[in-house]
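S.K.: Reproduced below are the annotations present in TrEMBL:
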type: DOMAIN; residues: 6-33; note: domain 'C2H2-type'
type: DOMAIN; residues: 34-61; note: domain 'C2H2-type'
type: DOMAIN; residues: 62-89; note: domain 'C2H2-type'
type: DOMAIN; residues: 90-117; note: domain 'C2H2-type'
type: DOMAIN; residues: 118-145; note: domain 'C2H2-type'
type: DOMAIN; residues: 146-173; note: domain 'C2H2-type'
type: DOMAIN; residues: 174-201; note: domain 'C2H2-type'
type: DOMAIN; residues: 202-229; note: domain 'C2H2-type'
type: DOMAIN; residues: 286-313; note: domain 'C2H2-type'
type: DOMAIN; residues: 314-341; note: domain 'C2H2-type'
type: DOMAIN; residues: 342-369; note: domain 'C2H2-type'
type: DOMAIN; residues: 440-467; note: domain 'C2H2-type'
Amino acid sequence: MDKKFFTGDVCRKGFFWKCVLIKHLRIHAKEKPFSCDVCSKEFSQKIDLIRHYRTHTNEKPYSCNVCNKHFSQKSYLNTHFRTHTDEKPYSCDVCNKQFSRKSDLTRHYRKHTKEKPYSCDVCNKQFSRKYGLNKHFRTHTNEKPYSCDVCNKRFSEKRYLIRHVLSHTNDKPYSCEVCSKNFSRKTSLNDHFRTHTNEKPFSCDLCSQEFCVKSNLKQHFRTHTNEKPYSCDRCGKAFLQNFSLVLHYRMHTNEKPFPCKVCGKAFSDRSSFVRHYRVHTKEKPYKCDLCEKPFSDKTTLNRHLRIHTNEKPFSCDVCSKSFTQKSSLNYHMYTHLNEKPFKCATCGKSFIKKKELDRHSNVHTGEKIYSGQAFRDDLFQVKEETFASEVYSGLYEESSLLNRELQTDSNEAHFAGDSLFAAKGDFGSECRMYADEKPFGCDICGQLFPCKDDFIVHGCFHIGEKPVACTAYGDKCLDLQNDAQANPESFVPEACYSTFTETSDSNELAQADGELLPCDA
C-alpha cells in the first residue's frame with residue numbers, strides 16, 4: 001500500500017513522513033527550539049544542533065579510508081571522497097560546468113539567473129549565498145567569532161583566522177617552480193604563478209579590464225558602483241576594502257605591529273615594513289626592462305617607467321593638468337578647493353600637506369630635523385630611488401618652508417652647520433639616459449640641466465646651501481659659491497665641481513656630521 005503524501009501549506013513541498021513535514025515547517029515559521037549550551041546559537045532541527053556542537057568539541061567521527069582525514073559530518077566526508085575519485089555528478093544546464101556537490105551547483109546556477117535570495121535585515125543588501133549574508137552582517141554587529149589559540153586575536157571570518165595562524169608557524173609548504181618563492185596557502189601560490197604566465201582570468205563586465213586575482217576584480221568593481229562597505233567607527237571614513245580600513249584604524253590607535261629588528265623602527269602595515277627592510281639588505285628585486293635600473297619595490301619601478309613613457313595617468317577634473325603620481329594629484333586638488341586640512345595645534349596655522357605641518361611643528365619644539373645622521377638616513381631611505389626632479393622639488397619645498405618659519409621667529413638661517421645636500425654623493429653621477437635632453441628643471445628660475453649633479457648643485461644656491469666644503473681649492477670654491485648665490489640663474493659648475501657631487505662612495509654618511517668631505521682633485 002502506498003504511503004500517504006504530506007504537503008506543506010507554504011511552499012507545497014511534499015514529504016512521505018509527517019514528522020519530516022513538521023521539521024520542515026519550522027523553517028517557514030523561523031522556529032528554533034534547539035539551542036547550543038556553549039554559545040546559545042539556536043537551530044530548527046536537533047541534527048543541526050548536534051553537527052554544530054562538534055565545532056566546540058572538535059569531534060570528527062567520520063574518516064576517509066584513503067587518506068585518513070577526519071570530518072565532523074558524513075556529507076563532508078562524501079564530498080571529500082570525490083576528490084580522490086574526481087567524481088563530479090552535478091552538471092550545469094547552461095554552461096555544462098561540473099561540480100562534486102549539489103550545493104556548489106546551486107550557488108553556481110545563481111550566477112546565470114542573477115538570483116540573490118538572501119537579504120540583509122539592516123541595509124537590505126542582497127546576496128546569492130547565505131555565507132555571504134552572514135559575513136556581511138558581521139560588518140553591522142562587529143562580531144568576530146573566530147579566535148586564535150596562540151594570541152587570542154579575533155576574526156570575523158574563518159579564512160582570516162586560518163591565514164593568521166600560519167603567521168605563528170611560519171610554515172610555507174607551497175613553492176613556486178619558477179622563482180622558488182614560498183607561500184603558506186595554495187591559493188596564494190596560484191595567484192602568484194599568474195604573474196609569471198601573465199594569465200588574467202577575471203574580467204570586469206563593465207569595462208572589460210582583466211585581473212589575475214579575483215579579489216582584485218571585486219575591489220575594482222566597487223570603483224564602478226562607488227560602493228565603500230567598510231567604514232571607520234571613529235571618523236566615519238569609508239573604504240573599498242577591509243584591509244584599507246584596518247590600516248586606517250591604526251592611525252587612530254597609533255598601532256605599529258611590524259617592528260624592524262635592525263633599527264627598531266615600527267610600521268603600521270607589512271608592505272611598508274618590507275620596503276623599509278630592503279634599505280638594510282640593499283635588496284632590489286624589481287628591474288626596469290628598458291634601462292635595467294633596479295628598485296626595491298614595484299611601486300617605485302612603475303613610477304620610474306613613466307619617465308620612459310612620459311605617461312601621466314592622473315588628471316585633474318578641474319583644470320585637466322596631468323600628474324605621474326596620484327598623491328601629486330591629491331595635493332593639487334587642494335589648490336582648487338583652497339582647503340588646508342592639517343592644522344597646527346599650537347598656533348592654528350593650516351597646511352595642505354601633513355608633512356608641511358610636521359615640519360612646521362618643529363618650529364615650536366626647536367627640533368632641527370634637517371641635520372644629523374638620522375635625517376640623512378631617512379632622506380636616502382625614502383628618496384634614493386625617486387626621480388631626481390621629485391627629489392629636489394620636495395626637498396626645496398620642505399626646506400624653504402622651514403626657513404621661512406624660522407626666519408619669522410628668529411631671523412636665523414636654519415641650515416648653518418649640517419648640510420642638507422652634502423650628506424653623500426648618492427645624488428651624484430649616474431649613467432645619463434638623456435644624452436641630448438635636459439630633463440632636470442629648476443622650479444625657481446626655470447633653468448634646465450642635462451644631468452642630476454648640475455641640477456642639485458644649482459638648487460643648493462637658491463636656498464643658501466653650501467654643498468660640500470673643499471680643502472683643495474679653498475677660496476676659489478668660496479668665490480664660486482658666492483658668485484652662484486648672487487646669480488644662481490646663470491651659474492654653471494666648473495673648476496672644483498667634483499668636490500660638490502662626486503665624493504667617493506667609500507665616504508660614509510657619518511663623515512658629513514662633523515667633518516668636511518675632502519676633494520678628490
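Cβ atoms here come from the backbone N, Cα and C positions, even for glycine.
Have a look at these and tell me how they're positioned relative to everything else.
M.R.: Averaged over the domain 'C2H2-type' (6-33), the predicted model has a pLDDT of 74.
DSSP labels the residues of the domain 'C2H2-type' (34-61) in these numbers: 12 helix, 4 strand, 12 coil.
Across the domain 'C2H2-type' (62-89), DSSP assigns 12 helix, 4 strand, 12 coil.
Listed as Cβ neighbours of the domain 'C2H2-type' (90-117) (distance under 8 Å, sequence separation of 6 or more from its ends, same chain) are residues 79, 82-83, 126-129.
Secondary structure of the domain 'C2H2-type' (118-145) per DSSP, as helix, strand and coil residue counts: 12 helix, 4 strand, 12 coil.
The residues of the domain 'C2H2-type' (146-173), classed with DSSP into helix (H, G, I), strand (E, B) and coil, number 12 helix, 4 strand, 12 coil.
In the domain 'C2H2-type' (174-201), helix, strand and coil residues by DSSP number 12 helix, 4 strand, 12 coil.
Below 8 angstroms of C-beta separation, residues 136, 139, 191, 194-195, 238-241 of the same chain, each at least six residues beyond the ends of the domain 'C2H2-type' (202-229), sit close to that stretch.
Mapped onto DSSP classes, the domain 'C2H2-type' (314-341) shows 12 helix, 4 strand, 12 coil.
For the domain 'C2H2-type' (342-369), DSSP puts the residue distribution at 12 helix, 4 strand, 12 coil.
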S.K.: Using a Cβ cut-off of under 8 Å, list the residues of the same chain at least 6 residues beyond the domain 'C2H2-type' (118-145) that approach it.
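M.R.: Same-chain contacts beyond the ends: 107, 110-111, 154-157, 229-230, 233.
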S.K.: Can you tell me how the residues of the domain 'C2H2-type' (90-117) break down into helix, strand and coil by DSSP?
M.R.: 12 helix, 4 strand, 12 coil
